[in-house]
Amino acid sequence: MDVLALEAKGAKNDAPAAPAPSKSRPKAPKKAKRIVYFEVEILDAKTKEKLLLLDKVLGMAMCSCVITLLTLHDCVYCCVISEGKPLKDEDVLQMLPVGTTATFYFRDLGAQISWGTVFLSECIGPLVIYLMFYFRVPFIYAPKYDFKTSKHWVVHLACLCHSFHYVKRILETLFVHRFSHGTMPLRNIFKNCSYYWFFAAWMAYYINHPLYTPPYYGEQQVKTALGIFLFCQLGSFSIHVTLRNLKPPGSKIKKIPYPTKNPFTWIFALVSCPNYTYEVGTWMGFTVMTQCVPVAFFTVIGFIQMTVWAKGKHRSYLKEFKEYPTLRSPILPFIL
C-alpha cells in the first residue's frame, strides 16, 4: 500500500502544471494621421493680380476642386503651377512639388465648344456643299446646266466616294471617337469649318463642272485610285476602333497602341499615327481618281498639317512611355 501511495503521489507530481493565465496587454492606440493643410494663392497669369486666397486647403484636394472655384459662366480656366507646368484635374495638391504655400496661375481660355460639335460641323458642311455642286443647283453654273448630271461616270463615282468619306467621319464622331479633351476654343469652329468648307466647294466646282475632263489614263487609273481610296478608308476605320478600345469610357489613362489581329492595324509596328497615314492615302487616291488640281492642293496641305500633329503625338509617346517602340516613325514608315 505504501509503495502504491508513493507511486500515485509521484504520478501527481509528474503531471504537467496548468498554464498560468496570460495577462492580455492593451493594444497601443493608433497614431492619428497628420492632416496637412495648404495655403493656395491664385493669381491671374497675365496681370499677376491676386484672384483668390484659399486658407486651410486639404492636401488631398484635387486641382479640379480649385479650378471649379474660378469657373465663371462659359469661361474655362487652365491651372498652371509656378514653374509653368500645366496641371491635370486629377492632380492631388500634396503630391505637387510645392510647399505648404502654393501659388497657381490661372489663364482664361474664353468661350469653349465641344470637340464633337466641331467635328460634326467640319463634316456636315463639305457633305452638303459637294452635293449642291453635284446636282448643279441654280446660280452655280450656266442656267442650261441646272439640275443636269454629268455624262462622265467618274464624276458620279467621285461623289459617292466623297459622300462616303464624310458620312463615315460623322458616324465615327457619334459612335467611335472618345475625346481626351472635352472642349476647344470657340474660334476653332470658324477656322476649321472655313478650311473644310472652302476646299469642298473648290474641288466640287471643278469635278462637277460641265467641261470637266476625265482622267488621262481612263478606267484603269480610276479603278486603281478607287482601290487605294477604299483600302485607306477601311484602314482608317480599323485604327479608330483600335484607339477607342484602348481607352475605357471616362478613363484618362494613356496606353501604347499595338497591332491587333486586324491586318489594317499592323502598321502600328512602324508608325505612331497610322490614322493620319490612312487619311493621307485616302486623299491621294481621290486625287488620282479625279485628276483635279484643287484636290491635290487639299491633299498636300492636309499632309503638312497632319505631319505636324503626328510629330507632336510621337514626341508625347516617347516622353510618356520609356518602353515606347523606337522603330516607329510619326506618319510615314522609315521616312517621316
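Just so you know, glycine gets a Cβ as well, placed from its N, Cα and C.
Annotations in TrEMBL come from automatic prediction, not curation.
Annotation source TrEMBL lists region 'Disordered' at 1-28. Per TrEMBL, domain 'TECR-like N-terminal' is recorded for 38-108. The transmembrane segment annotation in TrEMBL covers 113-135, 194-212, 224-243, 264-286, 292-310. Per TrEMBL, the feature domain '3-oxo-5-alpha-steroid 4-dehydrogenase C-terminal' maps to 183-336.
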Folded-back contacts onto the transmembrane segment (194-212), same chain, C-beta under 8 angstroms, at least six residues removed: 122-123, 125-126, 129-130, 132-134, 136, 140-142, 145, 150, 152, 155, 158-159, 162, 290, 292-295, 297-298
Mean of pLDDT values spanning the domain '3-oxo-5-alpha-steroid 4-dehydrogenase C-terminal' (183-336): 94
